[in-house]
Each structure stands twice: as C-alpha cells, then as structure tokens.
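What TrEMBL says about this protein:
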BINDING   A:D97, A:H205  Mn(2+) 1 binding site
BINDING   A:204-208, A:334-335, A:383-386, A:S390, A:408-411, A:K484  GMP binding site
BINDING   A:H239, A:H334  Mn(2+) 2 binding site
ACT_SITE  A:H408  active site, GMP-histidine intermediate
Amino acid sequence: MPAPSALKRITDTTWELPVSYKPGMLVPARIFATEKLITAMDAGVFDQVSNVACLPGIQKYAFCMPDGHWGYGFPIGGLAAMDPETGVISPGGIGFDINCGMRLVLTNLTEEEVKPRLRELVDALFYRVPAGVGSHGFVSLSHDEFCTVAEQGSRWCLKRGFAWPEDLEMTEEGGCFPGADASKISHKAIDRGYNQIGTLGSGNHYLEIQVARPENIYNEELARAFGITIPNQVVIMFHCGSRGFGHQVATDYLQLFLSVMERKYGITVNDRELACAPFRSREGQDYFAAMKCAVNMAFANRQVILHRIREVFSDNFGRDPADLGMEMVYDVAHNTAKLETHMVDGRRRELLIHRKGATRAFGPGMEGLPERYRETGQPVIIGGSMETGSYLLAGEPGGSETFFTTAHGSGRTMSRHQAKKMVRGQKLQRDMEERGIYVRTASWGGLAEESGRAYKDIDDVAEATERAHLSRRVVRLLPIGNVKG
DNA sequence: ATGTCC
C-alpha cells in the first residue's frame with residue numbers, strides 16, 4: 001500500500017505527516033521506520049495516527065513505532081502523550097488487552113542440556129499453563145480476593161508465595177500501578193476474570209523456550225549485564241495480558257465514554273473507536289482507576305505463570321528453581337496509560353502517556369529503573385513470531401524523542417483470516433518440528449494464524465528501533481519450544 | 001485481544 005504523498009522523510013528512520021495533512025490535527029504525526037517498513041505499512045496506520053493527532057491535549061506528536069499496524073482507533077504501535085489537565089484518556093489508545101506484555105526469564109541451562117527433555121518440558125508447560133480461549137487457571141479465588149489481586153498485582157503474588165521478592169523489582173512499576181480501585185470495575189468484568197489468573201490466553205499469546213547463541217549476541221557487555229553469560233544459554237519468554245477481565249474493562253468504559261463524550265463534554269473525534277473523556281473528568285478518572293486494576297491483574301497473571309514455569313523446570317530437573325538460575329530479566333507492558341515525567345522543550349512535565357502495542361524503554365540513569373539496570377538502561381523484550389525469533393534490547397538516551405518508547409513485536413502483515421487460508425496448523429507443527437522447534441497448541445487454527453509468514457520480519461523491526469535510537473539490540477533469541485494459545 | 005453476539 002503506498003504511503004500518502006504528504007509523508008515527509010525527516011531522517012533516515014523518521015517520517016512525518018504535517019498538520020496540514022488532515023483538518024483538526026493539533027500536532028504532526030511521526031512514524032519511525034526504515035524505508036522498507038514504511039513502504040509495507042498498511043494505509044490504515046497513516047489514517048489512524050493522524051486521527052490521534054486531533055485528540056484534545058496531545059503533546060508534540062502522535063507517534064507510531066516501526067511495527068505499527070492498523071488497530072482499534074489508534075494504530076497498534078501507537079504512542080500519544082496528553083497534557084493531564086487539558087487532555088483526554090482514550091481506551092483505544094491502550095487497547096482491549098490492557099497490559100498485555102512480555103516477560104523474560106533466565107536459566108543457567110544450555111541448549112544441549114534442555115534438548116533431550118524438550119518435549120517433556122513443553123508438554124508439561126502446556127498442561128500447567130492453561131492456554132486457549134476461555135481457559136481458566138489453577139488458582140481458585142473468590143470475587144473479593146480477585147479484587148485484591150486487581151488492586152495489588154504482583155504484591156499479592158508475593159504474599160501468596162507465587163513470587164520472589166526480586167521478581168517485583170524486575171517488573172515495570174514493581175508489578176503494581178498505584179491507584180487501582182476495584183470499586184470502579186463492573187461485576188461482569190470480575191466474573192470474567194476471577195478464574196483467569198495463571199492463564200496464557202489465545203491469539204498472539206505464547207510461551208517459548210529460547211536459546212541465546214553466541215553468534216546472535218550484538219552487545220557482549222549488555223548481554224552479560226542482563227544475565228546472558230553462557231554459550232547457548234536457555235531462556236524462557238512469554239507474552240500474555242489481562243484476558244477477558246481487561247477486555248471487559250475496556251468494553252465497559254468505551255460504552256460509557258461514547259455516551260458522555262459529545263453530550264456531556266462536547267468532544268468530537270474522527271472515529272468512534274477513539275471514544276475518550278477528559279482525563280480530569282469523573283469518567284476519565286474512573287476508567288484510569290479501573291484500567292490500573294486490569295494492568296495489575298495482568299502483572300499477577302504473568303507472575304503466577306512464572307511460578308508455574310519454575311515448578312515445571314524444577315520438577316523436570318529435580319533441582320530448585322533458584323539453583324537453575326530462573327531469575328527474571330524483566331517484564332514489560334505493551335498496553336497502558338501512565339502518568340510519567342518527561343522533558344518537553346526543556347521543561348519537566350507530567351504527561352499522560354498512552355502506549356498501545358508499544359514498550360517503555362527507559363535509558364541509562366533514569367529514575368524508575370532497578371539499581372541493576374541504572375547503568376545499562378531498561379531491558380526491552382521484543383517478541384517475534386514463534387518461528388523466527390525474538391530480541392532482547394536496551395533502552396537508550398535517544399528514546400527521549402518518544403518519551404522513551406520503542407516497538408513491541410513484529411506486527412502482522414497478513415490478516416488472521418488470510419493466514420488461515422494459506423497455512424494449515426498441523427502441517428506447520430510438523431514443519432516447525434523438522435526445524436527444531438517443538439510446538440504445542442490449544443487450537444490448530446490459532447497456530448496457523450500465528451505462522452511466521454503472517455508477520456513482519458522481526459530483524460527489520462529491531463534494526464529500525466536501533467537506527468532510530470529508540471533501543472539498541474543486545475541479543476537475538478531463537479525458539480526451540482513453544483506453547484501457543 | 002475476546003466466554004470472537006446477550
């Protein structure tokens with residue numbers, strides 16, 4: 001799809017749509033991509049990112065990351081910073097899967113040690129980390145206790161023995177966004193979520209056993225600082241979010257915002273999917289407090305999943321998880337809105353940052369990073385498709401341009417429908433096994449949809465973020481085992 | 001993404 005002719009190239013990897021591109025734009029739109037990626041980007045991205053540039057209170061630019069593609073209202077890969085006093089909060093700028101995110105866990109095992117047990121490990125993970133639409137977890141909670149989880153996130157997990165203290169430190173915001181208020185959650189959302197803690201979900205959610213080969217290390221020093229110290233070291237990466245709970249929170253508040261946006265607040269938007277409310281309004285604050293519940297539920301979900309991964313490896317190897325070196329590298333959130341302080345035109349300002357399919361990537365020395373990563377910058381985890389590999393990167397000072405935000409994954413090039421027509425799940429499983437990747441899936445159709453052929457080249461995305469100085473490559477990770485939702 | 005429509 002050709003890019004609009006109004007698109008101007010600002011640098012090697014920065015592209016801009018000026019405010020003249022569309023009536024109502026308050027700021028220009030900026031897209032970070034290589035020439036190859038911008039050429040392949042779907043036209044919906046340009047339309048959507050310029051719609052976002054019209055939202056009240058937006059600061060500097062409406063952004064799209066190199067993995068950007070068409071989404072609900074905002075593009076996936078979208079980033080918008082609003083003035084909290086004059087700006088809006090928009091569920092479409094966060095996504096239905098609130099705090100969908102990635103977690104990376106180390107082991108001190110090598111590929112040679114894991115290979116003979118790979119099938120057993122993946123089969124055990126497939127059993128112990130429930131995957132698929134409508135799956136429910138092993139943790140049984142009352143509605144009341146679920147509300148505590150939603151308010152406390154990983155802190156609840158620590159109390160219940162599902163976390164090591166250092167896990168919280170290696171999670172964005174310590175695994176708990178403060179200000180979550182379960183009284184702002186509908187009964188329906190609680191009912192959908194209370195039995196979903198410790199479940200992977202479906203779609204592009206997965207759990208993967210990966211290898212860090214010496215030839216795939218881009219930066220030795222950062223790799224060492226992030227715990228990649230052994231040749232062919234095995235790591236575990238997984239991707240999941242707030243399940244039906246977050247989905248219901250988003251649905252509830254989109255409905256509410258649509259009913260008040262124009263009538264009560266006189267806000268008009270280019271697309272109903274950009275439904276929003278003033279951040280300082282009652283509705284805006286209620287959504288903010290409810291969204292944080294879904295953020296915290298997702299942190300707790302990933303934490304319980306980590307606990308179960310540790311159990312699987314511990315049982316299989318007959319050794320304590322600590323003895324297997326199963327420490328977290330980091331946990332990153334993809335779909336959030338947060339108040340953060342950033343420099344804007346030489347002034348420190350508090351901004352409401354919407355990240356939708358985009359990763360926070362704090363540079364070296366920034367407040368909010370754990371001590372271990374103060375010198376290195378934040379670990380950034382970018383998931384590729386299950387066939388092609390993923391990246392561990394590091395935040396860098398150049399990220400200031402995007403309020404320290406980078407890409408989150410490959411981004412689709414093919415619709416799910418299209419992929420299912422071209423790929424058969426059973427055949428893909430056999431093909432992958434021949435290439436040394438053992439995969440188990442909850443749904444053959446779901447597996448076909450996630451074929452590597454349906455995604456952008458992760459190498460292009462990682463390279464684009466580095467060339468744009470949003471994050472630097474540390475190590476490329478290759479899959480050997482995968483549990484697919 | 002999602003008890004893929006209450």
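Just so you know, glycine gets a Cβ as well, placed from its N, Cα and C.
Structure coloured by features recorded in TrEMBL.
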| residue | record | DSSP (3 states) |
| --- | --- | --- |
| A:D97 | Mn(2+) 1 binding site | coil |
| A:N204 | GMP binding site | coil |
| A:H239 | Mn(2+) 2 binding site | strand |
| A:H334 | Mn(2+) 2 binding site | coil |
| A:S385 | GMP binding site | coil |
| A:H408 | GMP binding site | coil |
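Annotation: A:N335 carries the greatest number of neighbouring Cβ atoms among the binding-site residues A:N204, A:N335, A:S385 [cut-off 10 Å, Cβ to Cβ].
When the Cα of A:D97 (Mn(2+) 1 binding site) is compared against those of the binding-site residues A:N204, A:H334, A:N335, A:S385, A:H408, the shortest separation belongs to A:N335.
Sorting the binding-site residues A:H205, A:H334 by the number of other Cβ atoms within 10 Å puts A:H334 first. With A:H334 (Mn(2+) 2 binding site) as the anchor, the candidate binding-site residues are A:H205, A:L207, A:S385, A:H408, A:G411, and the one with the nearest CA is A:H408. Separation of the C-alpha atoms of A:H239 (Mn(2+) 2 binding site) and A:G411 (GMP binding site): 14 Å, rounded to the nearest whole number. Using a 10 Å radius centred on the Cβ of A:H408 (GMP binding site) and all shown protein chains, the other Cβ atoms total 28. Taking the Cα atom of each, A:N335 (GMP binding site) and A:H205 (Mn(2+) 1 binding site) are about 14 angstrom apart. Of the candidate binding-site residues, A:S385, A:H408, A:G411, the one lying closest to A:H205 (Mn(2+) 1 binding site) when CA atoms are compared is A:S385. A sphere of 10 angstroms centred on the C-beta of A:D97 (Mn(2+) 1 binding site) encloses 25 other C-beta atoms.
A 10 Å cutoff on Cβ-Cβ distances gives A:H239 (Mn(2+) 2 binding site) a total of 25 other Cβ atoms nearby, all chains included.
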